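Structure record follows, encoded as structure tokens.
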Amino acid sequence: MVIVVDHPLVQHKLTKLRDKNTGPKEFRELLFEISSLMLYEVTKNLPTKEVEVETPLGIAKGKVLDNKDLAIVPILRAGLVMADGMLQILPSAKVGHIGLYRDPETLKPVQYYTKLPEDIDKREVIVVDPMLATGGSAVAAISILKAKGVKDIKFVCIISAPEGIETLRNSHPDVDIYTAAIDERLNDHGYIIPGLGDAGDRLFGTK
């Protein structure tokens, strides 16, 4: 399933994120904020249980999360800021890291780092990466997690290309995709058009 998060606040901040005149500091802040906002949609079906708490004036019934263990796994390096935004809302989530880069010649992902919680196979995992372009990195990261025994995975990105969505759905049809926008296409270099450029470079001021 593909879920487009079209909340007005998300779309407002996404428009500013795309702007080529947005500098690294504001870009990081916007990505952080969009990721936090998108998490509400991603987690809206988490199980809850009813509890009672004592207020200064009496007893109130309420709901709390029902022991759903979560992990957030950013694809390095651009996914780091997204993970930070989500951790602000879910500070109890564990964090893993998967390092992948795209070979400029083949456009295939190359793995260079993986560090995951020991109990990752017992957790619902949210994989985050700002861009779903060719889909290669997302497919590779999710394959790594499944090899570790993870069964419940969601993928969250800011902008996606139709080609990347198709690739990910063909490889992992059980993984829901959350995105703030589906753009037109990929160019010959594997970049999303119109997109926002290279998210990692814009985040960290590199080229």
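Each residue, glycine too, has its Cβ placed from N, Cα and C.
Features as listed in Swiss-Prot:
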type	residues	note
BINDING	Arg77, Arg102, Asp129, Pro130, Met131, Leu132, Ala133, Thr134, Gly135, Gly136, Ser137, Asp198	5-phospho-alpha-D-ribose 1-diphosphate binding site
BINDING	Ile192, Gly197, Asp198, Ala199	uracil binding site
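Shown on the structure are the features that Swiss-Prot records.
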| residue | record | DSSP (3 states) |
| --- | --- | --- |
| Arg77 | 5-phospho-alpha-D-ribose 1-diphosphate binding site | coil |
| Asp129 | 5-phospho-alpha-D-ribose 1-diphosphate binding site | coil |
| Gly135 | 5-phospho-alpha-D-ribose 1-diphosphate binding site | coil |
| Ile192 | uracil binding site | strand |
| Gly197 | uracil binding site | coil |
Same-chain residues at least 6 apart in sequence whose Cβ lies under 8 Å from Asp198 (uracil binding site): Tyr191
Largest tally of Cβ atoms lying within 10 Å of a Cβ, found at which of the binding-site residues Gly135, Gly197: Gly135
8 Å Cβ shell about Ile192, Gly197, Asp198, Ala199 centroid, uracil site members excluded: Pro130, Met131, Tyr191, Gly195, Leu196, Gly200, Asp201, Arg202
Neighbouring C-beta atoms (10 Å sphere around the C-beta of Ile192 (uracil binding site)): 25
Cα proximity to Ala133 (5-phospho-alpha-D-ribose 1-diphosphate binding site), best match among binding-site residues Ile192, Gly197, Ala199: Ile192
Rounded inter-Cα distance in Å - Met131 (5-phospho-alpha-D-ribose 1-diphosphate binding site), Ile192 (uracil binding site): 8
